[in-house]
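Remarks on the structure that follows.
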Amino acid sequence: IYGSQLDSSDKQNWRRHSYLNHQLGWVFSQKGEYKTALSYYEKALNGELDFVQPDDPLLAPTYHNIAGVHQSLGDYTAALTSYQKALAIEEKSLPSDDPLLATTYTSIGLVHRKLANFDKALFLYQKALAIRQKTLPPNHPDCGSMFSNISGLHQDMGDYSKALEFSQKALDVYIKSLPPKHPNLATSYGNFGSVHSFMGDYAKALEYYEKAREIRELSLPANHPDNASTYSCLGSVYNHMEDYSKALSCFKKALVIQKVTFPENHPTFADTYGHFGSVYSSMDDKPTALSYYQKALE
């Protein structure tokens, strides 16, 4: 329907044209067709730039949308460029404690985390948290989300005691503010599982990952990427516990979801094929392990 409206839209009515391009971008993004989504968001941007100044606040959401699609495609450098353009506009046009700035700082922090720029990510997460704590009640779920992000970052940095501390802060907020089967609770349990896995306490990790799986299966669509992530985490724990049949079963479930959700060249496939390779290597099935490692490199 949006496509037919766009075809008939008067191109001089640029706001309407921009709106339709944004809607088409959103639809294709929800379908996982990220390259098509990107083309519509870029059409929206180019149309807007013909009529507004480069620092017009109208452009910030467009740059956010473009950055989000680049992120979904695994192109973190391009995502960072677009997020920075959005931030430059927002810092110029918004109060320093505006919640939109907290959202942007968090988004940029996440990209820096993906790029292993951990100090930059932590700095941005702390800026976002300061805004959230200033403008929201202490048990607001958005504060819990920031604690969760900071927990994951400390885990990446190898500071597991800090990671557990912030995971507990997040969980405390979520328990007070959310229904018992909310997906954010699953994220929190998943963070605990991840930290315990890195610490080598696989039984404890399994316990938390199972809690996360149970909530996600009840609260999310079957093919949601977070379900794939949970199965991957469970698979890794079973691999460490040398329960290879369960590990393979979990990785197969993850791969089925990923094939429905992500484009063919998404980085997550390399990780999953690498996990298969690791299990088959542990089972001393070198030829099968090699074939999966080669898939991971393709």
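Glycine residues also receive a Cβ, built from the backbone N, Cα and C atoms like all the rest.
No curator has checked TrEMBL annotations; they are predicted automatically.
What TrEMBL lists as repeat 'TPR' is 18-51 (among others). With DSSP classes pooled into helix, strand and coil, the tally for the repeat 'TPR' (18-51) is 29 helix, 0 strand, 5 coil.
Long-range Cβ contacts of the repeat 'TPR' (60-93) within its own chain (Cβ-Cβ under 8 Å, at least 6 residues beyond either end) map to 18, 22, 25-26, 29, 34-35, 37-38, 41-42, 44-45, 48, 100-101, 104-105, 107-108, 110-112, 114-115, 263, 265-268. Look at TrEMBL and you will find 60-93 (among others) tagged as repeat 'TPR'.
For the repeat 'TPR' (102-135), residue counts in helix, strand and coil come to 31 helix, 0 strand, 3 coil, using DSSP. Summarising the annotation, TrEMBL assigns repeat 'TPR' to 102-135 (among others).
Secondary structure of the repeat 'TPR' (186-219) per DSSP, as helix, strand and coil residue counts: 31 helix, 0 strand, 3 coil. The repeat 'TPR' annotation in TrEMBL covers 186-219 (among others).
Under the heading repeat 'TPR', TrEMBL lists 228-261 (among others). Model confidence over the repeat 'TPR' (228-261) is summarised by a mean pLDDT of 97.
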